[in-house]
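K.L.:
Could you have a look at this structure, given as structure tokens, before my questions?
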């Protein structure tokens, strides 16, 4: 039977100690709620690895800027619980803000150059906020494995970097992007899209497949391909970035290779959309 | 028999796992070398608590500014080993820069407002550098208890704050300042003082005892006491700060209480000197 726990950090730690003492390995999936098939695939991966699987549901204030959608971010504790349990979650934890950010807390993690590119350019507080809450959660939960989706590829790379830099005793596992039937990358924010905006939202995925086709046909010049893709970018969808980067340090690639990834960020009527993929799928 | 280990992080972790498996608790003393009776008191405290005691010797580049004394910081591995063993150290570890800062490492710790006052004002990289290396060392060594001297009181407060904020599973223990016979707080940098500067260097300790006397005689007005002490400050000793602060968040105190601490920072012919004490000794 799955456990639902609100707040009560000490009880969380006691329960996890009990699991570890019984020889269980701990798998961890950090979420901001708004669970969908993408989160479920992470929980399933953890269960598939034989872990007692902890899912945290916490909209992390530290990663939102003052004019961003912290207040309107989707929150539905009951639906999140059902979806997490359906996917095999064992312990669903809903910390309160005071559990992770007591008033006196002030120490933060700074991810370095990796956190300053792509999404970090328009959202400077984003990755420090993510690293800080993930480090806190890792230390509280002490998972053997933690699962993050490749839809937030930069986040995944930064957390893997943090785990290596800080000698954290956790295996940070990246899992493939889960897409809707039409190709839209699953995201809690998709709920906020107006039906008539769906087609525009698909621009990111269409741009990815175009880039992959061009690469397959022999294109290796990043600047040229970028120019061609941006020329087709539709009105009404505000482009934040369209970049070709290496998969580890996310540095700009002038010459495209099999390992190069395309990264896209945009806003659609105030809704943040991101997507990415290898050029060779 | 004490162990001396250079670099070889994997071997360090293996040896400590072995100790833990044998039921030993691990005590940790982080040093930058230049060991003296102050460091020895930390090692003795750890031994007194029954710990297998690890002493690291590492001049941490991240906490030095570009024009500071990283290159000239005292380094004497043999003498450090002797003094650490004499005090009861079990494993003396000398990591190389590449062990703690491999080329690709970039994630840092940011200590927040606590790190921006006192020494943090003139040395902005100082406490982020300290927190980062201490977090790395904590995660590598996984000590049950870690010992820091109250001479670096701000460092102690910041590390205790970091341990609480990040839910680290380590008890950060503060130990009293050890002083020379004449009152000068022990410091590796005292080696760099010219003999004729010794008397000027004692100004910090003299100022502390004057403040304690004034407090005992009823002075409660921080601004007034500060003014009187600064008026007596000698030429040739560059004052960085002379502040009265609370012991937890190091915030300015207008009204002095028993718990208030006096903090002093200065430069003497390029040598950094700090000291601090409770107003009620």
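Cβ coordinates come from backbone N, Cα and C, glycine included.
Residues annotated as ATP binding site in TrEMBL: B:32-39, B:149-152, B:178, B:186-189. Under the heading active site, proton donor, TrEMBL lists B:39. Among the features that TrEMBL reports, (R)-pantoate binding site is placed at B:63, B:155. Annotated beta-alanine binding site per TrEMBL: B:63, in sequence order.
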K.L.:
For the C-alpha pair, I'd like the distance in angstrom between residue B:63 ((R)-pantoate binding site) and residue B:39 (active site, proton donor), rounded off.
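P.N.:
Distance (Cα to Cα, whole Å): 19 Å.
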K.L.:
Which one of these binding-site residues has the most other Cβ atoms within 10 Å of its own Cβ: B:32, B:35, B:150, B:178?
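P.N.:
Of B:32, B:35, B:150, B:178, the one with the most crowded Cβ is B:35.
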K.L.:
Fill in the CA-CA distance, residue B:188 (ATP binding site) to residue B:39 (active site, proton donor), as an integer in Å.
P.N.:
10
K.L.:
Would you count the other CB atoms within 10 A of the CB of residue B:188 (ATP binding site), including those on all shown protein chains?
P.N.:
19
K.L.:
Cα-Cα separation of residue B:155 ((R)-pantoate binding site) and residue B:35 (ATP binding site), in Å?
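P.N.:
The Cα atom of residue B:155 ((R)-pantoate binding site) is 18 Å away from the Cα atom of residue B:35 (ATP binding site).
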K.L.:
Look up residue B:32 (ATP binding site) in the DSSP assignment and report helix, strand or coil.
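P.N.:
Going by the DSSP assignment, residue B:32 (ATP binding site) belongs to neither helix nor strand, so it counts as coil.
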K.L.:
Roughly how many Å separate the Cα of residue B:32 (ATP binding site) from that of the residue listed as 'active site, proton donor', to the nearest whole number?
P.N.:
10
K.L.:
Relative to the Cβ of residue B:38 (ATP binding site), which residues of the same chain, six or more apart in sequence, are found under 8 Å away?
P.N.:
B:149, B:151, B:177, B:178, B:185, B:186, B:187
